[in-house]
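> Features from Swiss-Prot:
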SIGNAL    1-19  signal peptide
DISULFID  C38-C98  disulfide bond
DISULFID  C54-C144  disulfide bond
DISULFID  C56-C72  disulfide bond
DISULFID  C71-C125  disulfide bond
DISULFID  C78-C118  disulfide bond
DISULFID  C87-C111  disulfide bond
DISULFID  C105-C116  disulfide bond
Amino acid sequence: MHPAHLLVLLGVYVSLLGAARIPPLPLNLIQFSNMIKCTIPGSQPLLDYANYGCYCGPGNNGTPVDDVDRCCQAHDECYDEASNHGCYPELTLYDYYCDTGVPYCKARTQCQVFVCGCDLAVAKCLAGATYNDENKNINTGERCQ
């Protein structure tokens with residue numbers, strides 16, 4: 001085998017090792033994102049809301065910075081309540097459909113109904129809230145006390 005072929009194979013191998021360490025997005029997060037796209041066509045929820053304010057994304061403390069952040073706070077609280085009822089919101093998949101900008105839940109189990117209801121409420125809430133670019137990627141240590 002030629003040395004150039006070995007280098008190509010080594011490159012492919014290293015690339016595959018790196019890709020194997022990238023965790024996939026939970027299916028519920030993708031489903032949730034699509035529900036938001038139903039109420040806010042053209043949005044990119046995974047980018048727009050990933051690090052917005054004190055509650056949209058991984059953080060969840062302090063005083064919400066605006067209505068968008070209050071929507072995310074309510075969603076966090078709804079997921080907490082679902083967890084208190086024995087559900088696993090981040091892992092729960094459900095059926096829903098979108099009709100002219102309005103999502104509808106078609107959930108079957110109690111946990112699907114609960115989680116779909118949480119996602120439905122925040123999707124509608126975000127659609128009615130004004131997005132402020134200044135609240136994206138804020139210093140949560142300073143602003144979320």
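Residue 1 is the first one shown; counting continues down the chain.
For all residues, glycine too, the Cβ spot is worked out from N, Cα and C.
Relative to the rest of the structure, where do these features sit?
Of all the Cβ atoms in the protein chains shown, 15 others lie within 10 Å of the Cβ of C98 (disulfide bond).
C144 (disulfide bond) carries neither a helix nor a strand DSSP state and counts as coil.
Note: C72 (disulfide bond) has non-local neighbours Y49, Y52, G53, Y55, C56, G57, P64, V122, i.e. same-chain residues 6+ apart with C-beta under 8 A of its own C-beta. In the three-state DSSP scheme, C72 (disulfide bond) falls into the helix class.
Note: C71 (disulfide bond) has non-local neighbours C56, V122, C125, L126, A129, i.e. same-chain residues 6+ apart with C-beta under 8 A of its own C-beta.
Cβ contacts within 10 Å of C118 (disulfide bond), excluding its own Cβ and spanning all protein chains shown: 23.
Around C87 (disulfide bond), the same-chain residues six or more apart in sequence whose CB sits under 8 Å from its CB are Q110, C111, F114, V115, listed in sequence order.
In sequence order, Y94, Y96, C105, A107 make up the list of same-chain residues 6 or more apart from C116 (disulfide bond) whose Cβ falls under 8 Å from its Cβ. Under DSSP, C116 (disulfide bond) is assigned to a helix (H, G or I) in the three-state scheme.
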> Among C38, C56, C78, C125, all listed as disulfide-bonded residues, which has the most CB atoms within 10 Å of its CB?
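It comes out as C56.
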> Can you tell me which of the disulfide-bonded residues C54, C78, C118, C144 is spatially closest to C98 (disulfide bond)? Compare CA atoms only.
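Answer for the nearest of the disulfide-bonded residues: C118.
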> What whole-number Å value do you get for the CA-CA distance of C54 (disulfide bond) and C118 (disulfide bond)?
18
> Reported as an integer number of Å, what is the Cα distance between C38 (disulfide bond) and C144 (disulfide bond)?
30
